[in-house]
Amino acid sequence: MDTKIGSIDACNPTNHDIGGPPNGGVSTVQNTSPLHSTTVSPCDATLGRYLARRLVEIGVTDVFSVPGDFNLTLLDHLIAEPNLKLIGCCNELNAGYAADGYARSRGVGACVVTFTVGGLSVLNAIAGAYSENLPLICIVGGPNSNDYGTNRILHHTIGLPDFTQELRCFQAVTCFQAVINNLEEAHELIDTAISTALKESKPVYISISCNLPAIPLPTFSRHPVPFMLPMKVSNQIGLDAAVEAAAEFLNKAVKPVLVGGPKMRVAKAADAFVELADASGYGLAVMPSAKGQVPEHHKHFIGTYWGAVSTAFCAEIVESADAYLFAGPIFNDYSSVGYSLLLKKEKAIIVQPDRVTIGNGPAFGCVLMKDFLSELAKRIKHNNTSYENYHRIYVPEGKPLRDNPNESLRVNVLFQHIQNMLSSESAVLAETGDSWFNCQKLKLPEGCGYEFQMQYGSIGWSVGATLGYAQAMPNRRVIACIGDGSFQVTAQDVSTMIRCGQKTIIFLINNGGYTIEVEIHDGPYNVIKNWNYTAFVEAIHNGEGKCWTAKVRCEEELVKAINTATNEEKESFCFIEVIVHKDDTSKELLEWGSRVSAANSRPPNPQ
């Protein structure tokens, strides 16, 4: 028997260009289970219980799983951990999405599936978590340790005696891989995998042979040493030089602005970014995938910068600035609206988690974003010109005209009512599609959460992610905005939400197809079979648990449904199907779709 350890090279910083792979996360470990003694009982001194204790130690109290014959014994031992709850999902893809949503709230998530048929099913969700810099522990129940190297063919494989197909697939979307088929090194591999996920803020893969979880071993008889992750520190000389150069660059600008990007999460730099905004007085914007990371009630907040589809008057201020500092940006074809942003490199300071680049000039490595922003705040001159310009040109958006009592509901009216539902005790999850653009216009109250998956953009993500986020934050009311096409991809785990007693509100926007794809490139393949969605959810409910549904076609019905969901059914899972016209799309989606389509349609370069 041998133990294979995958490379962690994928985590090493290799590309610091704009839009390059994110890296550099530093995580704090929370020990949620006080240790009352240094030893554990012999029946608990097993590999399975050791893994369970380690998950609890880092703050994971819920694991999302799908049972299979290779992971059943492992699941028994995870269930036996009193501080760990096993959440059975309807399929592996949703289990992975749930772990993704959980990690967005708790800081780390975990899922357990079976060998190959489960592993390859969850792979898409793991890839999404990798792209979004989320630490996620993907655990797979693997073949019996005696079968390695025997040239045997096993079920749940592609019919070859080589068992590494699954491992090779995961190597591309995880930062560390451990195949545990002997007990001697199991604790070391588990600890290395978990600590690597936390350090790199990326998913890891752990495969455990199905005959090992129940075996006692003296190694597991003592409580493990708590995780102590080394804190990354900036190179002081580089930090000082970067701050001096950036301060000189910004202090001579007339109307500089700040723009927050999604990598602020992995850099844990949101507070430092706000500190810089307070000190500078600059207009403060966020990229779309950073919405929710910066308080929108900040006095200098000017909205979402998304090129041609920015919130009102934000693009005018950002693109007319003579200097802009981007903290943790990702410039891909989606966030750049088909590479159409009107930005100039010579005007930009790009701050990545561990690197600062100033205009066309110097780049400073080994400089942590959090340290850089905090030190820069001490050196920057106050200049509120960009915010004053925004305030001068800003015209408040008019409220949508009230619908006639029996008129078909308009999408902008729907989101006006969703806006009124938001509070510090709520969170919004936006599915890929027109909800991206409508939710960007929501003004988040202080403390209101917000999540969506922009880099990977996998339709259907929000169903599983809503399950995981709500499980991690039971005291928040999660509001999910999901299109009908996306819902059909992953709808089954509404069942799990009801079974777990979650009080989520899902707005199912029924417009008869894949609207976002229609605006990129239309065709008959974007038309879907209409479901009776409320009847579908009622069938899943089947009289067990708290569930309430409504189908609304006009504003009057919507108001009544929201009132019910937020009052007498506030402790229930609520599903509101909103029927709108298929052509009722946001102008932002129309603009964005045409530009992304143009980028996709570029002819080949001449050879």
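First residue shown is number 1, and so on along the chain.
Note that Cβ sites are derived from N, Cα and C of the backbone, with glycine treated the same way.
According to Swiss-Prot, the features are:
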type    : residues               : note
REGION  : 1-22                   : region 'Disordered'
BINDING : Asp69, His156, Glu517  : substrate binding site
REGION  : 434-516                : region 'Thiamine pyrophosphate binding'
BINDING : Asp484, Asn511, Gly513 : Mg(2+) binding site
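Fewest Cβ neighbours within 10 Å among the binding-site residues His156, Asp484: that distinction goes to His156. Note: the region 'Thiamine pyrophosphate binding' (434-516) comprises 37 helix, 17 strand, 29 coil (DSSP; helix = H, G, I, strand = E, B).
For the region 'Thiamine pyrophosphate binding' (434-516), the model's pLDDT averages out at 95.
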